[in-house]
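Asker: Feature annotation from TrEMBL assigns Ni(2+) binding site to HIS41. Annotated Zn(2+) binding site per TrEMBL: CYS109, CYS112, CYS125, CYS127, in sequence order.
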Amino acid sequence: MRIAAFFYATVFLSHRFSKPWLCPIVERTVPSHVNCGSAVHELSIAQSVVDAVCEKAGARRVCGVRLEVGRLCAVVPDSLLFCFDVVTAGTQAEGASLRIDEIATSVRCRQCGEVFSPPDMILLCPCGSADVEILAGRELRILSMEVS
């Protein structure tokens, strides 16, 4: 599916800039399985990650960041990579690489005790119960960062 996304959104980054910046027109090809509204989710995650690593790095340049992201976070890795490149522009993390380690979902059924990994976001035990405890899949952590 080819779409032209016109972003004339004014972004206020008061902690970095004294005036608002106008985002340029963006035209790109989006895979059919990607929900275009999900980019806002990834943008806020990317901004938070960049803020955290830049604060931790101090005056040093950030060369790389490694994240651990659970599947239940509903993060589209390609969107997060794109957003990371956008929000690092003009920071000491500009040009940094981003590595995303995806964590599979793991749940335990409270009825039968079975531990399983559902193939999608429907957390239904093979026994039919929806009474489950999430063991893994909601993680969103900065594992490491490389500075120079």
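Note that the numbers count up from 1, one per residue, in the order the chain is shown.
Even glycines carry a Cβ here, placed using N, Cα and C.
Where the annotation comes from TrEMBL, it is an automatic prediction and has not been curated.
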Asker: Suppose the Zn(2+) site is CYS109, CYS112, CYS125, CYS127. Which further residues of the same chain have a Cβ inside 8 angstroms of that site's Cβ centroid?
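Answerer: Residues close to the Zn(2+) site, other than CYS109, CYS112, CYS125, CYS127: ARG110, GLN111, GLY113, GLU114, PHE116, PRO126, GLY128, SER129, VAL132.
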Asker: Between CYS127 (Zn(2+) binding site) and HIS41 (Ni(2+) binding site), how many Å separate their Cα atoms?
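Answerer: Given the Cα positions, CYS127 (Zn(2+) binding site) is 33 Å from HIS41 (Ni(2+) binding site).
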Asker: If you measure CYS109 (Zn(2+) binding site) to the residue listed as 'Ni(2+) binding site' at Cα, how many Å is it?
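Answerer: Cα of CYS109 (Zn(2+) binding site) to Cα of the residue listed as 'Ni(2+) binding site' measures 29 Å after rounding.
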Asker: In Å, rounded, how far does the Cα of HIS41 (Ni(2+) binding site) sit from the Cα of CYS125 (Zn(2+) binding site)?
Answerer: 28
